[in-house]
Amino acid sequence: MTAIVDIAAREILDSRGNPTIEVDVTLEDGSQGRAAVPSGASTGAHEAVELRDGDKSRFGGKGVLKAVENVDRDIFDALSGLDAEDQVHIDQVMLELDGTPNKGRLGANAILGVSLAVAKAAAEASSLPLYRYVGGVQARVLPVPMMNIINGGAHADNPIDFQEFMILPVGAPNLKEAVRWGAEVFHVLKGALKKAGHNTNVGDEGGFAPNLPSAEASLEFIVKAITDAGFKPGEDIYLGLDCASTEFFKDGKYVYEGEGKTRNLEEQAAYLGKLVESFPIVTIEDGMSEDDWEGWKILTDLIGKKCQLVGDDLFVTNVSRLSQGISKGIANSILVKVNQIGSLTETLAAVDMAQRAGYTAVMSHRSGETEDSTIADLAVATNCGQIKTGSLARSDRLAKYNQLIRIEEELGSQAVYAGRAALKALA
C-alpha cells in the first residue's frame, strides 16, 4: 500500500525569485507528499552540489530543469515500486544512483526534494503528522527560535561584516509566547531604527539592514529594543550572532571591510570573547572560517564553556566533518541544513551524531526559502531544541513559526518548550 507509484518534479520560485525544485510523491494507496527545496546565499565550500542548468538564456543560468529531469527519469525509475516507509533504503538507492561524493550528478536539490516528499507521503499513509512519523512518540520538544532581526554581510548591502544578529526568547513559557516576544521586539526595533533615520526595509531573511558602523552598534540597538519592549536582556531574551566568517577570511586573516580592521586568529577569537563579555550573547555561529581549524580550536578553548559555538560552513551537516570536529574538540554545536547534505537520512544522522557527542543541534532554513515548513516538523522530530528560521517578517519565514504554533497546539499538554535548557551555556 505504501509503494511509490509516481514522482513528479517541477521548477518553482523561491523567496528571492530564483528557481528551485518542488517534488510530489504519490503512493499506491493515494497518499501524497510534497517538498520544495531551499537554497543558500553564503554557501560552504564543502556543501553538497545544487544542480543548476547554467543556461544563461533562462534565469541567468540558475534554472533547475536538469534536476527536474533527473527526478522524473532516473530517480523515478530507481524508486518506482519501493516502499516509502523504508526511508533509509530509498535514500541509499538515490546516493548509489548518483555515485558521487557530493551528489554532483543528480543534484542534492533533486535528491533532497524526493527524500523529503517520500517521508511526507509515508507520514500521510500512516495518518501521522510528519514530526511524529519521523520522531516517534518522544517528539514533543518545541525549539527556541533564533530570530534574525538585523542583517549584514552577504545578506545585506551595509557596512556590517557579520551576517546575522539574532534574539533567542528563552524565558518564554511556550513557543507561541516566544514568537510573540520576538515579534514585539522586532516592531520596537523597527520604530527605533526609523527614528534614528535608518532604512527599515527587510532583507532576504526578514531582518533589517541598517547602515550601522559596527557589530557593537547593532547589538546596542537590539539590547535597547528588548528593554523597550518590556523584556530583560540576558534573562528573558538572549542574543546570538552568525559571523559567517568564511565570507571575510582572506590570506589567513579576518578582514573587516566595513570597520576597516584586520584581525589574525587570536585577535578574532579575543574580539568575539570581548563581545560575549559585553553583551548577553549565548550563541555564535561560524565565528571562524570553514577550514580554519586552528582558529576554531583557539575560539573553542577561549569561550566554548560559556557560549554555544555553532559550526555551519565548518560542518555543512556532514557526519565526516562533524566527527573530525568532535575528535579535535572544535565547536560544540552543529547547524543542520537539509540541503547542505541532501537527504533526510543523512540529516538525521548528523543530528544523532551531534547529540551523542554532547553537541547541540540547530535546525535551520536557508536565505532562499519557500512556503515549505518541513524544517519546523524536523526540529520537533529530533527534539533538537533550537530552530533558526529568520525574522518576524516575510511569509517564507513565518510559515515555519506558524507550523510550530500548530504543532504545539496539537501536542497540547505533552508539548515542552525547550527554553533555557536548549542552551548548555545557560543550563
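From the backbone N, Cα and C atoms, a Cβ is placed for every residue, glycine too.
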Using only what Swiss-Prot says about Mg(2+) binding by Asp242, Asp312, identify which of Glu216, Glu277, Glu285, Glu346 is listed for that site too. Glu285
Per Swiss-Prot, what member of Lys176, Lys190, Lys388 joins Gln163, Lys337, Arg366, Ser367 in binding (2R)-2-phosphoglycerate at one site? Lys388
Give me the Cα-Cα distance between Glu205 (active site, proton donor) and Lys388 ((2R)-2-phosphoglycerate binding site), rounded to a whole Å. 10
Compute the C-alpha separation of Lys388 ((2R)-2-phosphoglycerate binding site) from Lys337 (active site, proton acceptor), stating it in Å without decimals. 10
Of the binding-site residues Gln163, Asp242, Asp312, which sits closest to Lys337 (active site, proton acceptor) by Cα distance? Asp312
Compare the Cα of Gln163 ((2R)-2-phosphoglycerate binding site) against each of the binding-site residues Asp242, Glu285, Asp312 and report the nearest. Asp242
